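The GTP binding site annotation in Swiss-Prot covers 24-31, 71-75, 129-132. The S-geranylgeranyl cysteine annotation in Swiss-Prot covers 203, and the record cites similarity to another entry as its basis. Taken from Swiss-Prot, the feature cysteine methyl ester applies to 203, supported by similarity to another entry. Under the heading motif 'Effector region', Swiss-Prot lists 46-54.
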């Protein structure tokens with residue numbers, strides 16, 4: 001499967017449009033992940049997102065795919081607004097952060113329930129978006145005081161298996177490590193599946 005191969009044969013036909021919604025707890029790194037991938041920059045200032053949409057093109061097997069990337073708010077006060085983002089979604093990426101164990105717990109206790117309500121059968125990708133903090137001394141000290149620890153790879157992988165995610169991936173938006181792989185190995189692979197299966201798996205919010 002050629003993701004970024006030669007341009008020979010490209011430009012033929014109309015682009016295939018696919019929608020990807022990114023969800024997860026507030027401050028878990030969703031916006032930074034999208035900013036680094038689509039715009040190439042990381043901001044140190046945290047500003048809660050209400051709603052934002054990105055468009056990014058890539059080639060899959062010489063087919064131009066236009067990804068519509070939807071960044072959503074994780075706070076409870078935006079639950080109703082966020083539910084409107086799920087219409088006609090092909091892939092949902094659930095993000096969590098290793099420095100906030102609750103964000104991983106909420107993948108199963110909150111986000112999966114919401115997704116099953118609005119998008120039953122949609123393809124899932126689980127992403128740890130701040131893996132650089134796993135061994136951060138300040139983070140380790142803070143969590144130790146609360147009697148907990150940073151989420152480990154095996155824990156994230158276990159959650160991914162239980163929610164039947166298509167992929168589990170880790171990245172560091174701050175250091176731009178693994179960001180492209182998240183999109184090319186995660187979304188692109190699932191997107192290829194949805195292309196070959198037609199529109200199956202997309203959501204309809206009533």
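Glycine is treated like the rest: Cβ placed from N, Cα and C.
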For residue 131 (GTP binding site), list the number of other Cβ atoms lying within 10 Å of its Cβ atom.
24
Non-local Cβ contacts of residue 75 (GTP binding site) (under 8 Å, 6 or more apart, same chain)?
26, 48
DSSP secondary structure for residue 24 (GTP binding site), reduced to helix/strand/coil, please.
strand
Please list, in sequence order, the residues in the chain of residue 24 (GTP binding site) that are at least six apart in sequence and whose C-beta is under 8 Å away from its C-beta.
30, 74, 94, 95, 96, 103, 106, 107, 111, 129
Taking only same-chain residues 6+ apart in sequence, whose CB is under 8 Å from that of residue 72 (GTP binding site), what do you get?
21, 22, 23, 30, 49, 51, 78, 82, 85
Tally of DSSP helical, extended and coil residues in the motif 'Effector region' (46-54):
0 helix, 4 strand, 5 coil
